[in-house]
Amino acid sequence: MTKLVLIRHGQSAWNLENRFTGWWDADLTEKGEAEARKAGQMLAALDADFRAGFTSVQTRAIRTLWLALTEMKRVWLPIEKDWHLNERHYGGLTGLDKAETAAKHGEEQVHVWRRSYDIPPPPLEVGSTYDLTPDPRYKGIDIPNTESLKTTLERVLPYWEQRIAPELIAGKDTLIAAHGNSLRALVKHLFRVPDDQITGVEIPTGNPLLIELDTNLKPVSVRYLDESRAQPLPPLP
Ligand SMILES: O=C(O)[C@@H](CO)OP(=O)(O)O
C-alpha cells in the first residue's frame, strides 16, 4: 500500500485576519509555523518512507513543507514546486475581509462564492493591488483572474496525472503541501465526491491527511493524523 499525505499549510496571516487570500502570498503566522512543526512530528512517527514531495509556489505551503521535513529529518527529499497546486484564485474578492463582504453582499452570496462547485467569484480587475502579473514566479504563466473549485480541479488534475500519480504508482510514499481548495479538488477526485457534496469537505490547517492507496490509486483508508482537529471525511470510494 502506498501512502499519500496531504497537508494544508499552517495558519496564514490572512487566515488569521479573515481575508480572502487565493493566490496572494500571505505568509505563515507563528501559530501556522507551530502547526507545520507539529505536522512534521506526527509524520516522523508514522511508519512511512517518503520519497517524493510536491508543493505550490506559495510561501505558506513551501514553508509548511520545509518546517515539517525539518522535524522529519528529511529536508533532502526531492521536492517539486508548481503553480498548478496553488490555492484557488479568489478573483475580485482577494484581500477583502470575509465578514465585511458577507455584511455587504449577504451570507448566502458569500457562501456561494466560497463553496459552490462551479460559480467563480467576480474577476480581479487588471492593475488591481492584487494583480500578480509583475511577480517573477508567474512569468510566462496565464494567471487566472478568478477560479471556481471546478476550474481549480481542471488545472490540478492534469498535474496530478502527469507528475504525482507516476510517483505513487512507482510505490513512493508521497507528501503534498498545498491549500484548502487545491487539496479539496484532489480529495474530490480521489474519493469521487459528487459536485454538490464537496461543499461539506473542509480541510483543517496543518493537520496531515493520510490516505493509503492501492495499485490503481484507489483510497483504501483515510484519516487525519491529529484526531483532535479532524473534520468529516468523504466515504471511501
Ligand atoms: O481565502 C482563501 O484563499 C481560502 C483558504 O483560506 O478561503 P476559503 O475558506 O474561503 O476557501
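Cβ coordinates are placed from backbone N, Cα and C, and glycine is handled just like the others.
If you check TrEMBL, you get these features:
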- HIS9: active site, tele-phosphohistidine intermediate (ACT_SITE)
- GLU87: active site, proton donor/acceptor (ACT_SITE)
- 8-15, 21-22, ARG60, 87-90, LYS98, 114-115, 180-181: substrate binding site (BINDING)
- HIS179: site 'Transition state stabilizer' (SITE)
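Checked against GLY22 (substrate binding site) by C-alpha proximity, the recorded positions HIS9, GLU87, HIS179 yield GLU87 as the nearest. For ligand 1, no neighbouring recorded positions occur among ARG8, HIS9, GLN11, LYS98, by Cβ distance under 6 Å. Every protein chain considered, the tally of other Cβ atoms within 10 Å of the Cβ of LYS98 (substrate binding site) stands at 17. In this structure, ARG8 (substrate binding site) is part of a beta strand by DSSP. Among the listed recorded positions, namely ARG8, HIS9, ARG88, HIS179, the Cβ with the most fellow Cβ atoms inside 10 Å is that of HIS9. Of all the Cβ atoms in the protein chains shown, 26 others lie within 10 Å of the Cβ of the residue listed as 'active site, proton donor/acceptor'.
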